[in-house]
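Taken verbatim from Swiss-Prot:
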TRANSIT   1-28  transit peptide
BINDING   391, 460, 463  [4Fe-4S] cluster binding site
């Protein structure tokens, strides 16, 4: 047991409270720090007392950096409202990017009766996914998108110019301190430049085009602290591959991440490393990956401004860098850079000691499998194809790292660049034309071509399983891209690994999974140090008065919250003044029999088969028939109209297909209850007027009662959702117990979208009004 100081009474007497010992630092456990790092002299100092009072008042609405940025782009807020995690807000993002899916979005846009863009300056269109496809059908789609963009006066980038996310960053559309969205899951990339980048779905995009806004629920925010210094031979790709594999229990699923660290630590992560890390926070399960507005970012921005001012960014394709990157704008940006408030609340805190990291490889066929390169090298894994492609790792610096592998080998080969290994095919595609031109100017692009690499146009290509060079059955591939799940880059019978550009190049050169040998482990190294908390050892923590008191307040808040949870009744169903307003046309109560599908991570392909996804005009009856058929072919006959579907955790993960929601509506299921939802499924559900609730307790109770697993089960239980009271009532069979449980509030602005029949109809109604 240890003593902690607690304030008591109006005069703030200090009393001692006996609490259990808590480890100050251990992996995957709380590392909240004890009160003994607040010295009594600090508490007795009159100036400290005044500071203590000011800190109390300033902590009324402390916000994370994510919340601060969202606050800037939230519209229609009540006066004095400070947004926080969990809030449903209407957002008017700084920019929105669509790519090859621009035409389906345009069809939605026109179907709701929209005739002009709300704000053409808000919109950017890029063609990047299927750029190798020269069929007339695809070229016609590309022409339609370009004509539509010209008609509405929006920024347009043609096929071959580069990958949309790279364009958004290099052209300055993703700008520090802004909220930027895209109809693509790797919108997280923009977090590298201190922009909250997050994905939306096509209906959202049509809504923003037409009205300038859509809805968003602010995710829980996780703080990830980097400590130490990234060693030579270790890259940003190794950092994010390690994070995905070492924190592999959905630690940040559906969270917004804020990366932080000391100035020295963050200097060891250059901008291209940050772009890689932010990009793959998507694979880690997060909805955004935000880096701070710091000196590294400022230096990069000023470099872009200088390059643009000198005209060095000019080339065969247009660039807006000279307009968007200017030294006065950058200086103004950093006069008062946005930072998280002291006392901001985070849903969780994790840390990774960069100095203990070595080169890592992801796979095969899963980002949750991360293995030190050294272990895989010992296995002599033959490689058939290598890929230096994608918005993750195909910038000029990445191409330079890959070229250095061959240049180093050339020094041992009489100056002659060696060829890639027999039987290996090596594909390269720059993230954008400016990046390729920079690589050509340095001679790095030519080095890779001389080694035998096959150049592909700037675009997504093999990363998403399109075009030349896909993996065949039985083949092994190593890629610098971001996803390696089975079948992503070709055959489901192939094995795909992910690694840094130098690992890709070294593997292409040797013919087996290997690295260039640039990394040397430090003396005494044993393992990667990571865990919960901020990872700073107490003996290294120097606290001034303000830091100490700020820490104390945070600990008091946590202690009070823990006490409230510990001594509060198990269920507190009704609170005075806590009733939710019900929007006209939205049901006050929803009730039905529970059908239970006892499975976690049911993806959208399990809900609505891919075979039907790209077939137009599928009858509603057919959608109902195939709903959940990839999960359980008996679902169609077991589930009935009006049933309430209860499922496990992370329901609706995977692709962004809207039919995963509309097929359940076709089956006439009004409400889905889960332990948790995949974020994109949640968006599609609300956008298509399918109601959903997250109730982990109900999932646990069903699993307790029905231990013998069935894919789909009629339970005989009933669920009634009281929308006004934000509670559910469960009747466990005719003669079983009845219990109630509080659920998250569904606010009127979201009810309105559902009551109108979905976001498209809501937008149409808004346009007509």
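The backbone N, Cα and C atoms fix where each Cβ goes, and this holds for glycine too.
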Secondary structure at residue 463 ([4Fe-4S] cluster binding site), reduced by DSSP to three states: helix
Other residues, Cβ within 8 Å of 391, 460, 463 Cβ centroid ([4Fe-4S] cluster site): 128, 129, 163, 186, 389, 390, 392, 459, 461, 464, 481, 482
C-beta crowding around residue 463 ([4Fe-4S] cluster binding site), within 10 angstroms: 26
Conformational class of residue 391 ([4Fe-4S] cluster binding site) under the three-state DSSP mapping: coil
